[in-house]
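Colleague: Feature annotation from TrEMBL assigns transmembrane segment to 62-80, 86-105, 117-137, 143-164, 176-198, 210-227, 236-253, 259-282, 294-314.
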Amino acid sequence: MARPLWEARITVTGRQLVFGSAVGVCLSPWGSPPLALALGLLVALLVGNPFAAQSKRFTAPLLQWSVIGLGFGLNAQQAMQAGREGFIFSAASIFGTLLLGWLVGRWLGIDRRTAHLIASGTAICGGSAIAAVGPVMRAEEGQMSVALGTVFMLNALALFLFPVVGHALGLSQHQFGLWAAIAIHDTSSVVGAASQYGDEALRIATTVKLARALWIIPVALGTALLFKTPGAQVKLPWFILGFVGAMLLNTYVPVLQGLAPVAVLVAKLGLTLTLFLIGAGLSAGVLRSVGVRPLVQGVLLWVVVSGVSLWVILHSV
């Protein structure tokens with residue numbers, strides 16, 4: 001028997017009220033990246049996201065503009081130094097992760113495309129890398145969903161786990177920023193974890209991660225050759241250019257420096273809201289789609305990348 005119309009309206013209104021209240025908490029002085037992600041997960045799993053389509057549409061642009069806003073809090077010379085220092089770490093870890101991902105994928109019997117998507121997401125920048133590499137290799141929707149679900153779960157765990165490990169090991173701001181940029185998948189969780197650790201960690205992590213994201217281009221081109229995809233087109237991550245532009249304006253246009261704290265504050269609020277929307281986008285279907293073997297591949301890659309990069313940073317930085 002169908003429910004009365006008034007009951008359906010109350011149910012929808014209640015879900016919207018829960019969603020709106022959670023957003024209010026995220027944007028309040030008590031809000032933080034881990035809390036935002038946790039609230040998003042609770043909303044998704046307990047009551048469901050009443051604005052699922054809108055959340056999916058706005059999450060990526062909100063993250064991109066938030067990253068651009070963070071550029072107003074950075075100095076160009078300091079950022080270039082951090083980017084140069086992180087280049088060697090990034091290059092070695094990216095190629096090592098892709099190779100290990102191929103070997104582990106073969107060992108576990110995962111199809112080539114899914115294994116390569118998970119490895120690419122782990123190596124570069126999570127969902128953004130998967131979204132860029134997937135069309136180049138003509139990946140199917142199911143393969144994309146498995147890779148994105150795997151990376152999402154590990155990305156969420158990293159946001160909570162990395163700051164705890166960093167403090168337990170006594171990592172400096174510099175060390176933690178490098179480690180987060182190399183070992184955490186998505187830019188959103190990299191910035192979220194680093195912002196909990198400190199301003200210097202945030203500066204280094206953001207700069208190194210965005211420089212790392214530029215590796216999407218050569219990796220995508222290499223993917224097209226590997227999977228023999230003719231006419232493949234690779235998109236440049238435009239928001240990275242916006243981040244660099246904001247950083248240059250903050251460094252060389254003194255009149256804008258007074259507005260920089262406001263821009264950074266708005267950007268951090270945008271990032272917190274982004275993490276809430278990411279959490280609210282989770283569903284039981286996403287969890288079911290992953291499967292055991294892809295999750296094992298993702299965990300193995302993540303543990304190796306995190307452990308090796310941490311050891312190198314502890315002994316060289």
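Using the three backbone atoms N, Cα and C, a Cβ is placed for every residue, glycine included.
Walk me through where these features lie, including what they touch and how far apart they are.
Modeller: Panel annotation: around the transmembrane segment (62-80), residues 187-188, 191, 202-203, 206-207, 210, 238-240, 242-252, 256, 259-261, 263-264, 266-268, 270-271, 273-274, 277 of the same chain, lying at least six beyond its termini, place a Cβ under 8 Å from a Cβ of the stretch.
For the transmembrane segment (117-137), same-chain residues at least 6 beyond its ends with a Cβ under 8 Å from one of its own Cβ atoms are 93-95, 97-98, 100-102, 105, 110, 143-144, 146-148, 150-152, 155, 185-187, 189, 209, 212-213, 215-216, 219-220, 223-224, 226-227, 229, 232-235, 237, 294, 297-298, 301-302, 305.
Residues 32-34, 37, 63, 66-67, 70, 82, 85-86, 89-90, 93, 121-122, 125-128, 151, 154-156, 158-159, 162-163, 166-167, 204-210, 212-213, 268, 271-272, 274-275, 278, 302, 305-306, 309-310, 313, 317 of the same chain, all 6+ positions outside the transmembrane segment (176-198), place their C-beta atoms under 8 angstroms from a C-beta of that stretch.
Counting residues 6+ beyond its ends, the transmembrane segment (259-282) has Cβ neighbours under 8 Å at 19, 22-23, 26-27, 31-33, 36-45, 49, 52, 55-56, 58-59, 62-63, 65-70, 72-73, 152, 156, 159, 188-189, 191-192, 195, 246, 250 in the same chain.
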Colleague: In terms of Cβ proximity under 8 Å, which residues at least six beyond the ends of the transmembrane segment (86-105) contact it?
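Modeller: Same-chain residues near the transmembrane segment (86-105) but 6 or more away: 112, 114-116, 118-120, 122-124, 178, 181-182, 204, 207-208, 211-212, 215, 219, 297, 300-301, 304-305, 308-309, 312-313.
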